Amino acid sequence: MIRLIFLVVFLGWIVIWILLPTKVYKNTWTPKLESKLNSTYFEGEGGNNLLLFSFPVMFIAAFGSVYLHFQKELRKPTCKSAVVSSNRLSFLKRPLLVMAPLGIVTAMEIAFAAMFIALLIWSLANYLYVSFGHLHMHKQGEKIWQAKFRSVSLRLGYIGNICWAFLFFPVTRGSSILPLVGLTSESSIKYHIWVGHLSMILFAAHAVGFIIYWAMTNQMAEMLEWSKTWVSNVAGEIAIVVGLAIYLRFLQSRQRARLLSSRLLPCGTIELNFSKSRGPVEMSVEGPYGPISSHFLRHELLVMVGGGSGVTPFISIIRQIIFQSTQPDSHIPRILLVCAFKNSGDLAILDLLLPINGTTTQITQLQLQIEAYITREEEQPIADTKKLLQTIRFKPNQSDSPITAALGPNNWLWLGAVITSSFVMFLLLLGIVTRYYIYPIDHNTGEIYHFSYFVLWDLLLVCASIVIASGAAFLWCKKQNGVEKQQIENLEVPNPTASPGSDLYSADTELESVPHQSLVQATNVHFGARPDLKRILFECKGSDVGVLACGPKAMRHEVAKICSSGLADNLHFESISFDW
């Protein structure tokens with residue numbers, strides 16, 4: 001029911017965009033809306049834009065955050081009876097298209113992309129149809145084709161505005177809108193890039209078109225015009241120049257570092273040694289932005305396919321499952337890890353599946369099977385069996401803190417509060433400034449108070465509202481995290497083997513025998529072979545099999561094609577990628 005409300009609001013918002021370029025909106029809706037919404041608190045078209053274009057998105061984002069919070073509480077993986085059955089719309093999340101340069105595209109993504117392209121084509125066609133029917137001659141003696149050329153250039157800018165309206169939906173980290181339709185910002189970044197490319201092309205064509213038009217009609221002086229009542233040409237020229245400079249990577253920010261030496265290891269890995277300043281290297285962590293992803297725990301069987309460094313995300317997932325197995329009445333899926341390495345020495349990365357801290361029986365509670373493939377070695381080499389795992393413990397720093405979500409465990413509620421409070425604050429501040437500062441000067445004529453100043457007020461109040469609301473929420477959560485940090489420090493036991501003044505503690509230690517033996521018994525190593533992914537996936541038994549793939553693009557695409565082939569309806573694919 002709640003999702004249906006969100007869908008109705010979103011469709012209504014899309015209908016507004018569809019009607020925007022039509023005669024009905026221009027000649028019928030706009031006069032009525034302006035007569036009802038135009039007031040001393042919202043001058044000009046501000047009331048229309050806030051109600052029709054801003055409010056629906058804010059409504060979905062704010063109440064979507066609350067919905068996601070309670071959905072997370074209801075869908076916690078506890079016991080088997082609480083496992084959520086496959087979603088009725090799960091077919092929309094299946095890979096539908098696997099090809100370069102699009103990559104892995106689901107049916108949901110294709111649907112949204114097709115609707116967006118259709119909206120752009122529809123808008124451009126209607127803008128041109130309406131404008132060509134009522135051509136406005138801006139100069140005496142202007143030819144019809146010149147007026148049409150100007151109209152096309154202007155409407156290309158309008159279409160660019162539509163692209164900008166949708167530009168940041170795919171890239172907003174911690175978005176409360178994308179999860180409502182089963183998407184993530186990580187998987188949607190490529191659409192942000194493509195929409196950005198399209199918008200820059202449209203704005204560049206818009207700017208070049210106007211320059212050509214002014215040159216043809218001897219109006220080059222318009223390039224220096226800064227209108228008092230409408231959009232400034234000079235400001236637009238500055239914006240497009242800066243945008244193109246950034247777009248063409250003219251303003252890259254980078255620092256050259258001295259390369260001291262390099263080593264080529266037998267496995268083919270190249271080690272690069274750079275010079276650095278004295279003292280330890282500080283590490284800053286950005287994020288995490290969204291909630292903890294635990295949807296994979298609802299599967300009956302979890303198949304993780306990784307190659308090389310692509311195994312690292314699965315280590316974190318398996319560790320989380322190990323922790324989840326300690327919770328009472330937890331539902332833990334069976335796990336099949338399929339990994340490929342170049343050399344047998346790379347198998348040591350699997351030792352990271354065993355947490356440094358924890359009981360020795362945790363991993364033994366998992367139904368874990370590991371199929372490891374060594375591609376460059378035909379048989380097991382004679383290795384140094386006495387080589388032990390090295391653990392380095394660093395001396396804690398008072399300024400360090402545990403990694404936590406920026407808005408704490410209830411981040412969805414906090415996000416909804418920030419969105420609501422900042423939007424309400426913006427409306428109040430804008431109304432106060434408009435009524436008690438701008439209106440006494442302009443009296444809603446739109447001809448006395450400079451339009452550029454009004455836009456600057458909008459930007460200032462938007463930024464101030466966001467900074468105040470998000471800053472207050474962040475400081476409150478940081479205070480709570482400080483209390484949690486103090487509790488963690490009180491629970492920590494000092495390491496007796498490290499001297500009080502040492503910077504780090506380093507020792508070669510043997511892995512605990514119980515979990516290490518369990519890990520060895522669960523691992524099958526295949527030398528001189530590559531995994532037959534089709535056979536492995538089709539042999540997976542169970543009604544709900546989650547398939548995660550991370551690693552080289554060719555491998556991820558192969559897994560996606562297998563899952564989308566339709567030969568196995570129980571496979572639910574998800575890609576994890578380090579690039580876009």
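Glycine is no exception: its Cβ is also placed from the backbone N, Cα and C atoms.
Long-range contacts of the transmembrane segment (50-70) within the same chain, counting only residues at least 6 positions beyond its ends with a Cβ under 8 Å from a Cβ of the stretch, are 2-3, 6, 9-10, 12-13, 16, 33, 37, 42, 165, 175-177, 179-180, 291, 410, 412-413, 415-416, 419-420, 423, 427. Annotated transmembrane segment per TrEMBL: 50-70 (among others), in sequence order.
Feature annotation from TrEMBL assigns transmembrane segment to 96-125 (among others).
Residue counts of the domain 'Ferric oxidoreductase' (156-250) by helix, strand and coil are 68 helix, 0 strand, 27 coil (DSSP-based). The feature domain 'Ferric oxidoreductase' is assigned by TrEMBL to 156-250.
Sequence annotations record features per position, and here TrEMBL assigns transmembrane segment to 158-181 (among others).
Residues or ranges marked as transmembrane segment by TrEMBL: 193-215 (among others).
Residues 196, 200, 203-204, 207, 210, 222-224, 451-452 of the same chain sit 6 or more residues outside the transmembrane segment (230-251) yet have a Cβ under 8 Å from a Cβ within it. What TrEMBL lists as transmembrane segment is 230-251 (among others).
The domain 'Ferric reductase NAD binding' feature in TrEMBL is assigned to 300-564.
The transmembrane segment annotation in TrEMBL covers 412-439 (among others).
Sequence annotations record features per position, and here TrEMBL assigns transmembrane segment to 451-477 (among others).
Listed by sequence, the residues of this chain that lie at least six past the ends of the transmembrane segment (193-215) yet keep a Cβ under 8 A from its Cβ atoms are 116, 146, 149-150, 152-154, 156-157, 159-160, 163-164, 166-167, 170, 222-223, 233, 236-237, 240, 243-244, 247, 580. Within the chain, the transmembrane segment (158-181) has long-range Cβ neighbours (under 8 A, six or more residues past its boundaries) at 3, 6, 17, 21, 53, 57, 60-62, 64-65, 67-68, 108, 112, 116, 119-120, 123-124, 127, 188-192, 195-196, 198-199, 202-203, 206, 287, 289-290, 406, 411-412, 415-416, 419. Through the fold, the transmembrane segment (96-125) approaches residues 14, 17-18, 20-21, 155-156, 158-159, 162-163, 166, 181-183, 187-188, 190-191, 195, 553, 556-557, 560-561, 564, 573, 575 of its own chain, all at least 6 residues removed from its boundaries and within a Cβ separation under 8 Å. Non-local neighbours of the transmembrane segment (451-477) in the same chain are 43-44, 46, 226-232, 235, 406-408, 414, 417-418, 421-423, 425-426, 429-430, 433, 438; each lies 6+ residues outside the stretch with a CB under 8 Å from one of its CB atoms.
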